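Positions annotated as domain 'Aspartate/ornithine carbamoyltransferase carbamoyl-P binding' by TrEMBL: B:2-147. Residues annotated as carbamoyl phosphate binding site in TrEMBL: B:Arg54, B:Thr55, B:Arg104, B:His135, B:Gln138, B:Gly263, B:Pro264. The L-aspartate binding site annotation in TrEMBL covers B:Lys82, B:Arg168, B:Arg222. Residues annotated as domain 'Aspartate/ornithine carbamoyltransferase Asp/Orn-binding' in TrEMBL: B:154-300.
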Amino acid sequence: MKLYNEETIKKKIKSLAHKLYKKHKKDLNNLVFIGIKRRGITLAQRIKKELEKLAKLEIPIGALDITFYRDDLQLVAPAPVVRGSEINFSLQDKIVILVDDVIYTGRTVRAALSEILDYGRPKKIELLVLVDRNFRELPIQPDYVGFKLKVKKTDLIDVFLKEEDKKEGIYLEKR
Amino acid sequence: MKHLLSIDDLGIKDIYKIFEYAFQFEEVLKRPIPIVPTFKGKTIVTLFYEPSTRTQTSFTLAAKRLSCDVINFSFATSSILKGESLLDTIKTISAMKVDGIIVRHFSSGVPHFLAKKLVKKNIFVINAGDGTNEHPTQALLDGYTVYKKFKKIKDLKILIVGDIKHSRVAHSDILLFKKLGAKVFISCPHQFLPIDFENMGVCYLKEFKKELPNFDCVITLRVQKERHNLNYLSSMREYHYLYGISKKDLEKMKKEALLMHPGPVNWGWELADDVIDEERCVILEQVFNGVAVRMAIIFLLLQEKV
């Protein structure tokens with residue numbers, strides 16, 4: 001079942017960029033984006049584009065692959081595809097906006113936080129997600145949320161983005 | 001992959017998978033904190049019955065960079081000197097509930113024997129060099145070094161020079177490069193030529209110096225003075241003249257060609273001491289790549305061990 005279409009996502013991304021702009025007006029030049037592979041990066045790129053229109057300066061962007069930081073690696077067989085992290089700038093004293101498509105259990109974000117801290121000591125890390133769904137397993141909450149959904153534990157939320165999936169929308173799959 | 005005993009056990013896909021992971025781990029090694037928490041709580045034993053600096057250090061570092069605990073077990077300080085048999089040693093170690101054993105032994109076949117004995121234990125074995133048989137991780141890091149440079153291995157011309165007969169590095173290198181489609185040439189004094197070289201699918205060159213401009217990679221091997229008395233060889237100068245690489249020889253090689261050596265080098269024998277600083281001589285790159293390749297191997301062995 002399709003919950004949101006391309007147009008709605010586009011509007012939401014604009015409004016998220018506005019929220020970021022309002023909150024960080026004074027420290028925009030200290031801001032960096034880090035997207036969690038893969039859709040987190042696509043989203044981060046879109047928000048970066050919107051924010052740069054407002055801020056009129058370039059904001060660095062990096063990519064995180066959390067495979068080596070997962071707590072369920074041994075449950076994933078065969079070996080997962082690793083795409084590698086690419087953060088080509090220092091995170092020392094930066095304000096990191098961590099971006100992912102969906103937050104669910106919080107374990108991915110936990111892994112991402114550990115990995116970011118191995119790259120340096122940012123001043124602050126904030127979490128931005130397109131979809132916040134219930135049933136967290138760790139005490140981790142996002143700072144910016146696109147859509148907040150209350151679904152059943154067994155339900156599946158899929159985010160498809162044109163750049164990755166050739167179609168776009170947020171879908172609910174009943175199981 | 002359950003163990004890594006021989007290059008023969010690996011398919012082409014497995015080898016490229018190791019390369020792919022090694023590339024990712026190289027990035028990890030360049031981070032401000034070059035360690036990932038992947039295998040917290042896993043324990044690996046290095047069991048070395050032969051002296052080694054780089055291989056044991058490289059494995060130890062690789063395992064630690066993956067957050068494994070590592071116990072180094074060396075011949076000189078162990079109960080082996082009290083007469084403990086290999087089988088007893090391995091039973092003792094496996095009773096301590098370790099997850100993997102990295103073994104080097106002066107006898108060929110020891111890693112295979114251990115793997116057989118550990119079959120029900122869910123403990124992996126990596127062959128870190130067994131007698132004159134094989135040294136698969138060295139071949140994998142050699143292959144990775146070449147692959148990184150040329151982005152392919154198929155149809156490259158690889159020359160291996162030196163003590164082919166007694167060199168486990170040569171045996172594993174030949175298996176690996178042939179498997180990946182390279183053309184492999186060997187050159188050595190007659191007494192270092194394996195009896196069965198005709199079955200190895202390599203091309204033997206009595207002299208290679210004139211053909212140096214044709215090769216993409218030249219792998220020189222260590223003269224293993226400890227394995228045979230020096231009556232095998234006439235003199236350092238003669239060996240170096242015929243089978244060693246001097247700066248002049250290096251200059252004859254292609255601009256993008258690689259000169260490699262598994263180390264440790266007998267300077268003046270296999271290599272003249274002025275080649276180390278040359279760009280084409282990638283011995284220290286091999287050492288760096290070795291850590292990343294060994295991380296990839298340990299990763300794949302531990303990850304698939306559910």
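Using the three backbone atoms N, Cα and C, a Cβ is placed for every residue, glycine included.
When the Cα atoms are compared, B:Gly263 (carbamoyl phosphate binding site) and B:Arg168 (L-aspartate binding site) turn out to be 13 Å apart. Counting residue by residue with DSSP, the domain 'Aspartate/ornithine carbamoyltransferase Asp/Orn-binding' (B:154-300) contains 59 helix, 23 strand, 65 coil.
Those same-chain residues not listed among B:Arg54, B:Thr55, B:Arg104, B:His135, B:Gln138, B:Gly263, B:Pro264 yet with C-beta within 8 angstroms of the centroid of the carbamoyl phosphate site C-beta atoms are B:Ser52, B:Ser58, B:Ala128, B:Gly129, B:Val169, B:Pro262. Within the set of binding-site residues B:Lys82, B:Arg168, B:Arg222, the entry lying nearest in space to B:Arg104 (carbamoyl phosphate binding site) is B:Arg168 (CA atoms). Taken over all pairs of the listed L-aspartate-binding residues (B:Lys82, B:Arg168, B:Arg222), the Cα spread reaches a maximum of 32 Å, rounded to the nearest whole number. For the pair formed by B:Gln138 (carbamoyl phosphate binding site) and B:Arg168 (L-aspartate binding site), distance between Cα atoms is given as 9 Å, rounded to the nearest Å.
A simple way to gauge crowding: the CB of B:Gly263 (carbamoyl phosphate binding site) has 16 other CB atoms within 10 angstroms, across all the protein chains here.
Cα distances from B:Arg168 (L-aspartate binding site) to the binding-site residues B:Arg54, B:Thr55, B:His135, B:Pro264 are smallest for B:His135. Candidate binding-site residues: B:Arg54, B:Arg222. Fewest other C-beta atoms within 10 angstroms, B:Arg54. Cβ neighbour count for B:Arg104 (carbamoyl phosphate binding site) (all protein chains, 10 Å cutoff from its Cβ): 26. Taken as a whole, the domain 'Aspartate/ornithine carbamoyltransferase Asp/Orn-binding' (B:154-300) shows an average pLDDT of 93 in this prediction.
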